[in-house]
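Notes follow once the structure below has been shown.
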């Protein structure tokens, strides 16, 4: 069977080595004679797995000791509400920076929960010569007392990534769902990081929260116990039964990433993958991209065919060639190739070859 390269934005492809190991261990994990899905989450064997997973993630991301690592339910959207409910008690206010669809969704959820009076927002994307560009504001010039400023460094739908570090007088809350572990960051700059698992961590149903000690002292609102960060810390992310299989796969992904050289190593490969694809797009008048070079996403490359009438044929022929899930998000259309950590360089080589041949045939 020919190789299949899955460019889905999420749930995304997992490393082949991880999938093969999970397949081998499915019916007999760790010599238990049963699947990891079938054992108690409070057994010593599973507790050892969770401890190793946290240790590996801390090592990979160089997470300081004054941060807690939580494995929670709900994905990214679950964290939209959890952040508000955990930090905005007693009429606290927050600022949301809007750079695309997902930061807009986080803003809408926050305003729904506490009202617009407690939530301010700034649109940080402008048009530069017809292309989307991020312009980060000088937050130190804003006279306000916010509990936190929220932003999304990588917008999967819009193909926009913010590489510059955000400088803020207030704690930074970041949605890293689509960029976590794809490149190195300084965790100590953040008050809280959250990420849905289904892009660079594992399957859907799990989210990772990395929260600084002092953030847990902020007044909270009444909320579901399973989304309470303080309870999650107190109970080692096991206030109730966690998504054990997703946790197991996340642990395997962390171990795989360590074995490949860690984040510094995968970041170089990710940069190479993105450069190859953007060079193909820019070097051919058949395709176009709507983002300035400085803000083009390395994880989610969006592009359009100049002749949109060929979109259907492009997707059909790509599927035949083993290049799947290239259709752009329904909101923006066009094409999108997601290049998360698990996507091998060979996948980009195959995609670029196909795109060049398709353009030559239909120009």
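Just so you know, glycine gets a Cβ as well, placed from its N, Cα and C.
The L-glutamate binding site annotation in Swiss-Prot covers 42, and the record cites sequence analysis as its basis. DSSP assigns residue 42 (L-glutamate binding site) to coil in the three-state reduction, placing it in neither a helix nor a strand.
According to Swiss-Prot, the pyridoxal 5'-phosphate binding site annotation covers 76, 77, 102, 156, 175, 198, 240, 241. The Cβ of residue 102 (pyridoxal 5'-phosphate binding site) has 22 neighbouring Cβ atoms from other residues within 10 Å, across all protein chains displayed.
Summarising the annotation, Swiss-Prot assigns N6-(pyridoxal phosphate)lysine to 199 and lists sequence analysis as the type of evidence. Counting every protein chain shown, the Cβ of residue 199 (N6-(pyridoxal phosphate)lysine) has 30 other Cβ atoms within 10 Å. DSSP assigns residue 199 (N6-(pyridoxal phosphate)lysine) to coil, not to a helix or a strand.
Sequence-distant contacts of residue 175 (pyridoxal 5'-phosphate binding site), defined by Cβ-Cβ distance under 8 angstroms and a gap of at least six in the same chain, are 76, 79, 102, 103, 106, 150, 151, 152, 153, 194, 195.
Scoring each of the binding-site residues (42, 76, 240) by how many neighbouring Cβ atoms lie within 10 Å, the top position goes to 76. Taking the Cβ of residue 241 (pyridoxal 5'-phosphate binding site) as reference, residues of its chain lying under 8 Å away and at least six apart in sequence are, in sequence order, 41.
On a Cα basis, residue 42 (L-glutamate binding site) lies 24 Å away from residue 198 (pyridoxal 5'-phosphate binding site).
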